[in-house]
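Participant: Before I ask anything, let me first share the structure, which is written out below as structure tokens.
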Ligand code: 5AD
Ligand code: SF4
């Protein structure tokens, strides 16, 4: 009997229907086997989202981590980084200590990303590296969580090829970490607990924030856009917004603790509030409230052009602690490709949105995400992406070769574009991105910009580093006492991606650059 069959024979509950995925099976103190289903994840029901503020670690688990250390490796986006902060919070409440060293750890978690194949390959590579450690230290617990856990193909591959893994749990099961750890300690079998359908919103999960200057704040979970290439709506569930009062309270609290910058997080932040049926309230309204909080900088990510409305533009134009940088993924400059991608806007509508934003915020800095080599993309369609890039005048971009994700509609499309052509297109696009970035950076030479100082530069401890309002990394000479503060820096030299400068003075946000 192989590991998978053994697990199946021990299974206590199958994920056949989402309604059955209730939380009350913590009573079972035997191996849990609840694998994911992309099919279930695709369903969007109308059931009401409940908000809980009563999360508590059951008494019997307190002290579980005494004398033990945890290590979490995070892949992927800021949402994952923030989930790691929550898991770290739970570990600490259980009595574990944090460690930065894999060798030193008693529990290792890989918080994974499923967005492209190479993100997944990295995780499988890492699992390969961890195997000898597990053989050496049989008491070590190794867990896989995050977006990859939501895919049945991944879970099956781990069950078949990486049987030394002790636990797999999903993005909707993070609050179940104490129970999952407990199961893993008690059981010789792999614990697999992945709810395919999102749960409610739990407000009071503990968090250990990684920094003291900048903080992430979730404003919503999930995505209902279902772009045809994207796995995220399956791995993160339906759109669920946190209540404005909870977000405002969290940001106020962070401001009082001395945080200087907040980034609001969501897979599609512009859909914030669309799921409320008792109030008409959107991202613009939320930002207008947050604007009044005494905190120097507020950002948000990621935007979807379709839901980016005039109210938000109007609020962003008020500046102050609203940053004049917007990350606005376009994905392609071709209306035909955008249609097949299911982006629900065309080239003209995107350009119109950019015109509106620039009219309201003339010094705005725009960045974007682009996918090249979508199935059957023609040379002409790719050229349209290049021309749109120039027309908008993006200052920077994240560029990707399309990666088929099993279970998404695009993965079933026949593709006549060879990998060679895709790579060549990526190179051409990157050349343009570099050129325009260098041009945009050059304009800063001689200017004085506001920098939030984060610490010493990673490459040179004699130099400080921080970001401008437009999210440009600046390396500059200045006193260590400036760390954590907003300072004025005169830019002496622009590189392609970063700026060099000298500190002029400390400031509490004067003129804006
Ligand atoms: N292949 C390549 N890139 C992708 N992205 C999302 N899904 C895929 C995929 N299947 C890119 C998009 C998105 C960014 C986070 O990742 O550009 O905006
Ligand atoms: Fe990766 Fe998307 Fe999951 Fe973030 S939400 S970890 S980008 S798959």
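All residue numbers here begin at 1 and follow the chain in the order shown.
In case you wondered, yes, glycine gets a Cβ from its N, Cα and C as well.
In case it helps, TrEMBL gives these features for our protein:
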type	residues	note
BINDING	77, 113, 147	[4Fe-4S] cluster 1 binding site
BINDING	223, 227, 230	[4Fe-4S] cluster 2 binding site
COMPBIAS	10-19	compositional bias 'Polar residues'
DOMAIN	68-186	domain 'MTTase N-terminal'
DOMAIN	209-439	domain 'Radical SAM core'
DOMAIN	442-505	domain 'TRAM'
REGION	1-23	region 'Disordered'
Participant: Count the other Cβ atoms sitting within 10 Å of the Cβ of residue 113 ([4Fe-4S] cluster 1 binding site), across every protein chain shown.
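Facilitator: There are 23 such Cβ atoms around residue 113 ([4Fe-4S] cluster 1 binding site).
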Participant: To see if you understand the setup: which same-chain residues, six or more apart in sequence, place their Cβ under 8 Å from that of residue 223 ([4Fe-4S] cluster 2 binding site)?
Facilitator: 230, 232, 233, 236, 239, 267, 268, 271
Participant: Roughly how many angstrom lie between the C-alpha atoms of residue 77 ([4Fe-4S] cluster 1 binding site) and residue 227 ([4Fe-4S] cluster 2 binding site)?
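Facilitator: If we compare the Cα positions of residue 77 ([4Fe-4S] cluster 1 binding site) and residue 227 ([4Fe-4S] cluster 2 binding site), the gap is 18 Å.
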Participant: Fewest other Cβ atoms within 10 Å: which of the binding-site residues 77, 147, 227, 230 wins that one? Let me know.
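Facilitator: Among the binding-site residues 77, 147, 227, 230, the lowest count of other Cβ atoms within 10 Å belongs to 77.
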Participant: Return the members of 113, 147, 223, 227 (the binding-site residues) with CB less than 6 angstroms from at least one atom of ligand 1, or none.
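Facilitator: If the test is a Cβ under 6 Å from any atom of ligand 1, the answer is none.
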Participant: Check the binding-site residues 77, 223, 227, 230 for any whose Cβ is under 6 angstroms from an atom of ligand 2, and report them in sequence order.
Facilitator: 77
Participant: To test your reading of the [4Fe-4S] cluster 2 site: which residues beyond 223, 227, 230, same chain only, put their Cβ within 8 Å of the Cβ centroid of those residues?
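Facilitator: In sequence order, the nearby non-listed residues are 225, 226, 229, 231, 232, 233, 267, 268.
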Participant: Hey, for the [4Fe-4S] cluster 1 site built from 77, 113, 147, who else sits with CB inside 8 A of the CB center?
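Facilitator: Neighbours within 8 Å of the Cβ centroid, excluding 77, 113, 147: 75, 76, 79, 80, 112, 114, 115, 119, 146, 232, 235.
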Participant: Going by DSSP, give the three-state secondary structure for residue 147 ([4Fe-4S] cluster 1 binding site).
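Facilitator: Note: residue 147 ([4Fe-4S] cluster 1 binding site) is helical by DSSP.
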Participant: C-alpha of residue 147 ([4Fe-4S] cluster 1 binding site) to C-alpha of residue 227 ([4Fe-4S] cluster 2 binding site): distance in Å?
Facilitator: 17
Participant: At the Cα level, what's the spacing in Å between residue 113 ([4Fe-4S] cluster 1 binding site) and residue 227 ([4Fe-4S] cluster 2 binding site), rounded?
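Facilitator: Here the two Cα atoms are 17 Å apart.
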